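Q: Dropping a structure here in structure tokens format, bear with me for questions.
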Amino acid sequence: MAKKPPEISVTDETINPSGETSSGSLPIRKKRPLGIGQWLSIMNSAEYQLINPGTSIISDKELAQHNTAENMWMALPQEGKLCVFDVTKFAQYHPGGFDVLLQNSGTDASEAYRLAHSYVNVNMIGKLRKGFLRRSQFGRSALPNQLLPSMTHARPQTKEGKKPNWRWAVQNDEVVVLTIRFPQFQTVAHTMSWIDGLRSLVVWHAPSSQSSTSCARGLLIIRTLLEGAYHRIVFRILPSLLPLPSSLRLSTVESESTPDVAGNVVVTKHVQLSLEMTFTKQSDHNAPILTPKHVPSIGSVLTDGIVATHCEPDLDDDKSFITCRVVESNRLDKSRYRFLRLSWSSETAWMPVPLGHHVILRVRHENGHWLSRPYTPICHNPFFTGHSSHCATDLCLLVKVYPDGQLSPRIDRLQCGDLVQISLPAGQLPANFLTHMEQSPYSVIPQPFVYSAVFMLAAGSGITPMLRIIDAMLLYDILRHPLQKSQLSTVHLIWFERTEDDFVLVQELNELCARFPSRFTLLRVLSERNSESLDGMSTKGVISEAICRQGLLNLNLSDQDPSVLDTRALWLVCGPSGFHEAVVKIAQQWAVPEHCIIQFKG
């Protein structure tokens, strides 16, 4: 007996972030498929039986023009011929979803069809045939060669090129291992460090305890930050399997090419993500039992695609949030800032936050609505007494409390044991933005790069994204590349506030200056005229070129003209929009390249 094929439904999320089609209609991807059952009813209708399949000769160019939600054609093999079908009407009944057909529309989808539906007869849509595909002469088509096992997307591809591929295997009597390999993710494969371990997360939404059936399936979300995009895959896991989020590991693996005529092989490094699942006992004795010897599938795939960073997470989707418990809550130094430490179970999520990324914190209002705001996690040890080991089951926030604010006063009242929700991490910075200079869009592998200096300019609560980076650079020194061990980057921080009372962690930052006198400098700038108690690390003023010269051109850059910096310094900016504009204007006067300026915007 033939083995039951794996359950798989591949979708692509690289669509209009608003969810609308090109004609402005409702977001089709959120509609549930009507199903094959209803399509069979249509096939048996008198109207459908009267349709005569077309016999026209259709070129590659003509096929490629039919690639919209309202007009979807694709080429598929039928009885030894390559036929073109108009699948527009069928798309809403397709069990795998509307999007997967839209993704392959306008192309020869033979390979995608073979991989996903090798056991399904294309005659089900036989009467939708428009004609037969006539190939362009090899090498003369304006489109990529359609004979290759790839499709021309109806929408532009992301920078990453090939989509990662996944597989699963039974490891032993207790564990199934799911692996995802990133074939084009070469940068990380050659320069893997602990900051790359922050790229991937997994969230497990177990079946509801109120489910009416014991066969209910849980939802498994796995997401990895690539270069300029996320890879996001979502499974409906069989009830006999239990994912172990804490087993998530990102590592490098090597593969060898097929030997050439001379017997030479090429060894290629890849990045691979792995996750373990264990077998569980079924409470329903009538349910099929999954055993190591009989694993036809781990479940079904709801989503598998490359998603632009600005599209993630979907804040309208409750599955993009996890529930956390407050395990520490206190005001720092009697300041206006509240320090929060939030924690969640490793059985629910393994969710490290990449450097420079933020989360959305939301708290329930008395009227039942959510109040939310983005916050950038700080280091786990805000007092800089030792390097904060990165953790995937808790995070720390520094929240500035505004008496008239809607959310921050509620956060200020949070106590240990209270529950809040945070989103999956969000951000558009690559994970290794501190160690890899951005290259031309045509460059395959950004080269490792060590900046001579990192300039930090923060206004108000804009200090929060800087704290974790300072911790990583000074106490862990992620900028020391193995090939350049003798080179250490310096950190120059200018922090703007109204009054002395608006600052926080001043003593701790001053102590860092004393511990790293040749690597870290701090200049606090107060705008209020009545500010007192100014010391050697503080001054009065506002953002200006003179202040930047005072706070940035010191240490290894003392008395240097800004024009000699070129790409040696990386600028990190966080504050109000007007502050960003002023800083960028000064940087432009200093001839700083645009790619050397990173702005954290809320």
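Think of each number as a place in line: the chain as shown, counted from 1.
For all residues, glycine too, the Cβ spot is worked out from N, Cα and C.
What TrEMBL records for 1-29 is region 'Disordered'. According to TrEMBL, the feature compositional bias 'Polar residues' maps to 11-25. The domain 'Cytochrome b5 heme-binding' annotation in TrEMBL covers 55-134. The domain 'FAD-binding FR-type' annotation in TrEMBL covers 319-432. Here TrEMBL flags Arg373, Pro374, Tyr375, Leu398, Lys400, Ser408, Thr464 as FAD binding site.
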Q: How many other Cβ atoms sit within 10 Å of the Cβ of Thr464 (FAD binding site)?
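A: A 10 Å sphere around the Cβ of Thr464 (FAD binding site) contains 22 other Cβ atoms.
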Q: For the domain 'Cytochrome b5 heme-binding' (55-134), what's the model's average pLDDT?
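A: Averaged over the domain 'Cytochrome b5 heme-binding' (55-134), per-residue pLDDT gives 83.
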Q: Using a 10 Å radius around each Cβ and counting other Cβ atoms from all shown chains, which of the binding-site residues Arg373, Leu398, Lys400 yields the largest count?
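A: Per the Cβ count within 10 Å, the most buried is Leu398.
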Q: Provide the number of Cβ atoms within 10 Å of the Cβ of Tyr375 (FAD binding site), excluding the reference atom itself.
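A: Excluding its own Cβ, the number within 10 Å is 24.
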Q: For the FAD site given as Arg373, Pro374, Tyr375, Leu398, Lys400, Ser408, Thr464, which other residues of the same chain have their Cβ within 8 Å of the site's Cβ centre?
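A: Checked against the 8 Å cutoff, the neighbours are Leu361, Thr376, Leu397, Val399, Ser461.
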Q: What is the number of other Cβ atoms found within 10 Å of the Cβ of Ser408 (FAD binding site)?
A: 20
